[in-house]
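Step one of this worksheet: look at the structure below.
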C-alpha cells in the first residue's frame, strides 16, 4: 500500500478518534490517587488505545501489518508497507494534565511515512496528511490546509522545545546559534504540527526518540512543506530492520532553514 484515498485517510482519522476516546476515559480518573511510581493508569490508557487502533486497522485494512509501542505483528519485520502506531505520546503531559498528549498513526512504505494522523484528544486537535493529498487540520467550519511559514527577513527564528525535558541541550545549542530567536514550548508530537501550522520554524531534537514518536507527525509536517532530517541532512528512516531509536534531528518548516541550522548541529559547533 502506497497512496491512500481521501476516504481511507478519513478512516484513519476515525480510528484515531476512537482511540482518543479510550485515552480520555482514563484521563478522567482521579489522578490524586496515583502513586509517583504508579504507571498503571498510563499503561491502561496505552493498552486500551492500542487495542482500539489495532482492531480498527485490522477491520479496515485487512492484511496490513501493525507495529506499535505496545506490540508488533508477526510479519511487520519484512513488510514493505505497515502501520506504525504510538497510542499515547507524551506521558508526562498526560500526567501533568497539560492536554498536549497525542494519538499517532502512520503508514510507512519503503521506510518513509506516506500517511499520518495526529490527534490531541484533550483539545480535540486533529491533523492528518498523506502523499498526494496534502496536510490538513480538522476544524468545525471545515478542514484547513496546512502550510509551513516561509523564512522572513528580519524575523526571529521560532524554536520549539519540550515543556518537560531536553532543556539543557537545547539551551546550549541556542547559546551558540548566531540567529535571533524566540522559544515556543509544546509537548509530544504536537511540536511537528505547530511547525506545519506555521506557528514555529524549527524543532531541534537532541535526546532519544523512538520511531513511533515521530512518523505520523513527520508526514504531517512534510506534506505541509517542511522537512525532517538527521544532523547530517539525511531523512529519517523507519522499519523493524532499523534501530528503534531515531538519530538526533531537525524538523523545520521552510527547508531554507536547513542550510543555516545544520552547520550548527555538528559536534564541533557546540565545543
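Cβ coordinates are placed from backbone N, Cα and C, and glycine is handled just like the others.
These numbers come from a predicted model, not from an experiment.
The Cβ of residue 69 (substrate binding site) lies under 8 Å from the Cβ of 46, 50, 85, 86, 87, 210, 212, each of which sits 6+ residues away along the same chain. Following the DSSP three-state reduction, the secondary structure of residue 69 (substrate binding site) is coil. The annotation substrate binding site is assigned in TrEMBL to 69, 88, 89, 90, 91, 213.
The annotation Mg(2+) 1 binding site is assigned in TrEMBL to 69, 86, 88, 89, 213. In the three-state DSSP assignment, the secondary structure recorded for residue 86 (Mg(2+) 1 binding site) is strand.
Annotation source TrEMBL lists Mg(2+) 2 binding site at 86, 89, 213. Neighbours of residue 86 (Mg(2+) 1 binding site), defined as other CB atoms within 10 A of its CB across all chains, total 29.
Using a 10 Å Cβ-Cβ cutoff, residue 213 (substrate binding site) registers 23 neighbours. Neighbour counts were taken as the number of other C-beta atoms within 10 angstroms of each residue's C-beta; across the binding-site residues 88, 89, 90, 91, the minimum falls on 91.
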